[in-house]
Amino acid sequence: MAGAIIENMSTKKLVIVGVILLLFQAFAFMVGGLIAPSPTTAVHYLATKCVDTIKHREETKWFMPWGPDQCDKIRTFDEAMAKKIEANNIVFAVHIPLPNKEMSPWFQFMLVILQFDIAFKMYNQIEDGALVTIDVGLAYRDDTVSEWTEMAHSFEQRKLSCNFTTAKTYENEGRYYECDLMPFMEVGSVAHKYYLLNIRLPVNERKKVNVGIGEIKDIRFVGIHQNGGFTKVWFAMKTFLTPSILIIMIWYWRRITLMSRPPVLLEKVIFALGISMTFINIPVEWFSIGFNWTWMLLFGDIRQGIFYSMLLSFWIIFCGEHLMDQTERNRFSVYWKQVGPIVFGSFCLFIFDMCERGVQLTNPFYSIWASDVGTELAMAFIIVAGICACLYFLFLCFMVFQVFRNISGKRTSLPAMSKARRLHYEGLIFRFKFLMLVTLTCAAMTVIFFIISQVNEGHWHWGDHTVQVNSAFFTGIYGMWNLYVFAIMFLYAPSHKRYGDEQSSGQCITGDAGANSGEDIQLTTTITHVDGPTEIYKMTGKEAQE
C-alpha cells in the first residue's frame with residue numbers, strides 16, 4: 001500500500017531535495033546579507049526655534065526652519081528673554097527630511113523619537129514626575145512651492161525621565177541632564193515627499209502646565225524609516241515566494257482529494273499552514289507605493305500574528321500525531337489544551353497592537369509608552385511574551401523527545417525482519433527523526449526571531465542599547481518559513497509509489513515480531529488504504545475517527 005512521499009521516495013532523491021532546499025536557505029540569508037541594505041535608517045534632527053509674532057491667529061500658520069519662506073529665528077532662550085519674547089510664542093520647527101532630500105513611499109513607515117536638552121539650574125530644577133505638555137502639528141506637501149496641508153494636530157503629554165549625574169550645586173549650573181528618549185510619532189505610510197513638524201510648549205503657571213520641567217535648551221529628534229533598498233528586496237522575495245507556495249499548496253490538496261477517504265487531521269492542518277503562509281506572502285505592500293494606506297503596519301501585524309498562531313499550533317499537532325502512544329488522536333479536540341493558550345496569546349497580541357497602532361490611525365502622536373501604566377503594561381507584555389515563547393519551545397522539545405523515544409521503542413522489532421525490510425524501516429525511522437530535528441531547529445529560530453523583534457520594537461522606549469537585527473536575519477527567517485512549509489507539504493503529500501508489494505507477506509513493526517500482517521508500516525498518520533486506517537494506528541490501537 002502507498003504512504004506519504006517521505007516514506008516512499010528514494011534516499012537519493014530525498015537528499016537531492018534536501019540539498020536544493022538548503023541552497024535556497026543559504027540564498028535567502030545571502031540576499032539580506034549581500035544585496036539588501038540594513039532594514040532601517042535613523043536620521044537626527046535639531047529643532048529650529050521660530051518666533052510667532054502674531055497673537056490670536058485665526059488660521060494655522062506653518063513655520064519653516066529653512067528655505068525661502070523660513071521663519072524668524074532665535075538661537076537661544078536668552079536671546080528670547082532679551083527680546084521679551086514669551087515662551088508661548090516660540091515654535092520648534094522640524095522639516096523631514098533634511099535639506100535637498102525627499103521622503104519616499106518605499107520608506108513604508110516613519111517613526112520619530114523625541115529627546116530634550118535640559119540644562120541644570122538651581123532655581124529651575126526638574127520636579128519628580130514632571131510632565132511636558134506638547135502642542136504639536138504635522139503637515140505635508142509634495143513640492144517646494146505649494147502650501148502645507150495639515151495632517152494631524154494634537155495635545156500630548158510626555159513624562160520626563162532625566163538624571164543629573166553630578167552634584168546639584170551652583171558650580172554645575174549649565175550642565176545638561178541625561179534624559180531618556182521618548183516616543184513621539186509613528187506614521188504607517190510615507191506617501192508624501194516633505195513633512196513639517198511645528199511644536200509648542202505652552203506655559204500656564206496657574207494650571208501648572210509645563211512648570212517644573214527645567215530649563216529646556218533644545219529639542220532633538222530621531223527619525224527612523226525603512227530603507228527603500230530593503231523594501232524592494234523584501235517585496236521581490238514576497239512576489240517570488242507567493243506563487244511557489246500557492247502552486248505546491250494546490251498540488252498538495254489535489255493529491256489529498258484524489259484519495260477515496262476524507263483527509264485526516266494532520267493533512268488538514270498542513271493545508272491550513274499553507275494557507276496562512278500564502279496569506280502572509282501575498283505582496284499587498286505593492287499597493288502602499290501608490291496609495292496612502294496608513295493601516296498597512298497594523299494589517300502586517302495581524303497577518304504575522306495569524307501565521308505565528310497557525311505555525312505554533314501546527315508544530316504541537318504535528319508532534320502529537322507522531323506520538324505512537326495509546327491515545328486516540330486525529331481529532332482537533334484532543335489538542336485544545338495546547339492550542340487554546342496559543343490562540344488566547346495571539347488574541348492578546350492583537351488587543352495590545354490595537355491599543356497602540358489602532359489608535360495611531362487617527363492620532364499618530366499617541367503612544368502606549370507615554371504613561372506610567374502604559375509603560376509598565378507594555379514592558380510586562382514583552383517580558384511575558386518572551387517567557388511564554390521559551391516555555392512553548394521547551395514543551396515542544398519534550399514532545400519531540402517523546403516522539404524519539406516511542407519511535408526508538410519500535411526498533412526492537414527490527415532484528416527479526418529480513419535485511420531488506422530492516423534497512424527500509426531503519427531508513428524511515430531516520431527520516432522522521434531528522435525531520436523532527438529540522439522542525440525543532442525551525443521552532444528555535446522562530447522563537448528567537450519573535451523575542452528579538454519584540455525587544456527591537458521596544459528598545460527606543462527603554463533607553464538602552466539597541467538590538468541590531470540585520471537584513472540577513474529577516475530574509476533568512478522569512479525564507480526558512482517558506483522552505484519549511486514547502487517541504488512539509490511536499491513530503492506529506494500522498495505518494496503514488498508503492499513499496500514492498502513483493503514483500504506483502506513480510507513482518508510488521510508490532511509487539512510480536514514474528515506475526516505476519518500482509519501490510520506495510522507507515523510512521524505518518526496519512527491514510528491511503530481504501531479499507532481502513534494506517535498501520536501506525538493499527539499498531540498503536542488508535543484508529544482514526546472520521
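Heads up, the Cβ atoms here are built off N, Cα and C, so glycines get one too.
Just so you know, TrEMBL annotations never went through curation; they're auto-generated.
Per-residue pLDDT, averaged along the domain 'Wntless GOLD' (48-226), amounts to 88 for this model. The domain 'Wntless GOLD' annotation in TrEMBL covers 48-226.
The feature domain 'Wntless-like transmembrane' is assigned by TrEMBL to 227-496.
Among residues of the same chain six or more beyond the transmembrane segment (233-253), those with a C-beta under 8 A of the stretch's C-beta atoms are 28, 31-32, 35-36, 270-271, 274-275, 277-278, 281-283, 285-286, 471, 474-475, 478-479, 482, 485-486, 489-490, 492-493. The transmembrane segment annotation in TrEMBL covers 233-253 (among others).
Annotated transmembrane segment per TrEMBL: 265-286 (among others), in sequence order.
Annotated transmembrane segment per TrEMBL: 306-323 (among others), in sequence order.
Feature annotation from TrEMBL assigns transmembrane segment to 335-352 (among others).
Residues or ranges marked as transmembrane segment by TrEMBL: 377-401 (among others).
Marked as transmembrane segment by TrEMBL: 428-452 (among others).
Residues or ranges marked as transmembrane segment by TrEMBL: 472-493 (among others).
Across the candidate stretches 265-286, 306-323, 377-401, 428-452, 472-493, the maximum count of CB pairs under 8 A to the transmembrane segment (335-352) is reached by 306-323.
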